Amino acid sequence: MSIQSIVTKETLKKKDTNIEIQEKNMNDLVVSASRVIAPLWPISTFAAHHPWMGLEKQSFEQVANWLKEARNVDIYPSASMIHSAKAKGEIEESFLQIALSRWLDSQSFHMPRETAERFCQEALKLERLPSSLLSSPELNKLAEEISYVNTGSMKDSSMQPISSLIENQKGDNLSDILNYHIIKWCKLYLDDTGASWTMPNREKGFYRAWQHLITFDPALSKNERKVLKDWPEDPLIALTKALSELGISESNMQAYLEGHLLSLPGWAGMIRWRSQQSIEEQELLVEYLAVRLSMELAIVKPYLPLKNQKAEKKVSIVPLIASWIYWGDISVEKWSQMSATEQSELLAFAYRFDENTRKKLWLKAWEQTHAEQLREKIASKQRATNDKKRVVAQLAFCIDVRSEPFRRHLEKLGPFETFGIAGFFGLPIATTELGSNNSHPSLPVILKPKHQIKELTDENEYNSYEQRKKIDSSVSYTFKTMKQNVLTSMLLPEVSGPLLGLQMVTRSFVPRSVGGFIRNLRKTMLQKPNTTFSLNHVHDTNCEIPIGFTKEEKVNYVRQALKMVGLTEGFAPLVVMCGHSSQSTNNPYAAALECGACGGAAGGFNARVFATLCNLPEVREALSAEGINIPEDTIFAAAEHKTTVDELEWIYVPKLSETAQEAFDCIDSIMPNVSQHANRERLMQLPNFKTKIKNPSKEAHRFAEDWSEIRPEWGLARNASFIIGQRELTRDCDLEGRAFLHNYDWKQDESGDILASIIAGPGTVAQWINLQYYASTVAPHYYGSGNKTTQTVTAGLGVMQGNASDLLSGLPWQSVMQSDSETYHSPLRLLIVIQAPTKYIERLLNNDFTFREKVQNGWVRLASVDPEGRWKNW
């Protein structure tokens, strides 16, 4: 026996240490790789997120180029979108020329400037190079002749999964086969529908549950199962072993893991979200990658080692030469007569002025045009006047873009003042509605709840309500149980067919009547008794967070919200806190239409809690001591803005003072007219309507009740700006429902803390919403979720196309497209406009590194309006 084969305690200890170091490094690699995917919340909450939130340390341009190279995904607007926008006057040619001139100034080249400009001007027409030119023998012969030209800087450095490079004998790409298997195992493990038969050993974690079953999988060949039979039981060791046997070098491991995460970004995103929810599943992403790469090894092993696997991929010079022939008027003959240096410079210039660069300049021009049009709109409405009309009521709405038209019509038709604030009203709460055993974090998903608020009522009333709820839920519970049971599911069509058939016919042909009848019936049956809230602080050991608020917390949250919108004096007799909700039927994306600031739920609960706090005598006394005097006859109430039908539903109206009652009656009398105007404006934007609508409110209700309606409302489509300032800045401006509006008075914010909190909270949520719509528009096949009519809701988590696709993470086609060829949403990065002195913006950028990084790297745009009305782009 040789000395090398003797394993001593020392070598064992050293080996164990190496394994620990290796495992730690692998964990770090997975964490670093995970930045390329965004956490995906279940569709029941549909929290707004943008897919590049982990990549904001890179510039938007860098991420766009990387995605094009790594996944062939374009995240700039397409040529057709750009041409359409230009035809509609959304892009000024002058801004494109400015962008081009600046780009040329930033480049180093030795050719005449006129030659470069002429080439760029032609290339910016975004015409495709003719296929006849690209395939011409003369061009390809020329490319071979000048292949000696130095193109060292032009390399394709992307790292693709090995399975994507191999096809089996049937011509199927092995990555598609791998994805099929991974989707199957993810659905089994993540299923949240409470299926009768769940994945065995699920409680042991994804990897170990998979390992117990994989050797019995009939979809794998005998040899594939053999590879996995004696596979390591530890997911980290399995992942390390798979990478080693696949021949992935240590320097390429992170890029390789990123490639696998990007192969199914939806399922990987859901796995990542789950890993953040509990300690038990914090290693879930490691387990997912261990399963995926272990299966990849089993599938590709017969084909290993690959020829040219490590060969450096070079960029083809054929399209680069063709671009100069087509756009630069340089013929094949002229190319042949050039020196190698001249040829190399032309190739390098064409490589730099690629499709992404051209689209980047168009996007900048589009965004600059939008900013200029918004500046002109705001400037035209600014008035130097002090004659304020008498206000009988003040209404605070969510910053949601759908609030803007409603607020505009409300102010126009009555003596009202409106405010904009994030729809959770600054309350970091988890809400538990009456009769519910589950709480919902009713705040932006970037925050964690600090208080539990329960809805309460008298015991007798509660028992009666619970009994009615059980009767209502028994039918759906029975139906669900039968559907998920192996035997009863076969009887279900026979039992339920006649009733469901009748429902289908009536819902399809008379949706408004039937939907209204069912809704009113359930509303009557499930009418809540009068309820209160657990507002007072209680320490409950059974709850992770305390129930209710202390007196100091009550005062703090009210003070904070009132100061945030600048409402610290001049209170009207009636102040209404308006949450918002949506109303639609048969819509898996219902949560996407709810309040994003409330975690994908209706905002009425938060509005009611906040209004109740504002009416508490102890809160008012404490605020008065600080100089915020709320008059005794000023009453706070709560309502919910139904965005699908543009109605205001009262949800909390305490005893009103005489003046508050007058204001309440005034709102009620004017509201039908407001709804008609807001609905008419909104419905005319839908593709179904091109003529005048006789009864907009009636039509809006039909859309809400029709279960075949794929587009009950546009949601937040066309959002483009987030305006932080006093209402006077935008009052009477028709912002077309494209602006998030947040009240802010810089005079009450000497420290800048209020502005900083608006940017960190609502500003971030608005940016996520904006980039989610952006991504779903520019890359619907990758970041969208396809057509609603062909989707399948799966595992209680989200939607798929068919039964074996990625878990679709973005918005459906109907949320962003006007037609098959025309977009409705304009893919522009969010423009944040702040009304404040220049020094406030400078301080914000100096203190908030994260926000400064977003602005510098092109993830948001920033402008300001100073006290004199001067606009500045940052």
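Keep in mind that glycine also has a Cβ here, set from the backbone N, Cα and C atoms.
Annotated features in Swiss-Prot:
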type    : residues               : note
BINDING : C398, D400, H580, C595 : Zn(2+) binding site
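The Zn(2+) site is defined by C398, D400, H580, C595, and by the 8 Å test on Cβ atoms against their centroid, the other residues of the chain that qualify are F397, I399, R402, S403, G423, G579, S581, E594, G596, A597, C598, G603, H641, T643. H580 (Zn(2+) binding site) has a Cβ environment of 26 other Cβ atoms inside 10 Å.
Look at C398 (Zn(2+) binding site): DSSP puts it in a strand. Ranking the binding-site residues C398, D400 by how many other Cβ atoms lie within 10 angstroms of each Cβ puts D400 at the bottom. Cβ neighbours of C595 (Zn(2+) binding site) (same chain, under 8 Å, six or more residues apart in sequence): C398, D400, G423, F424, G579, H580, S581, A601, A602, G603. DSSP assigns C595 (Zn(2+) binding site) to a strand segment in the three-state reduction.
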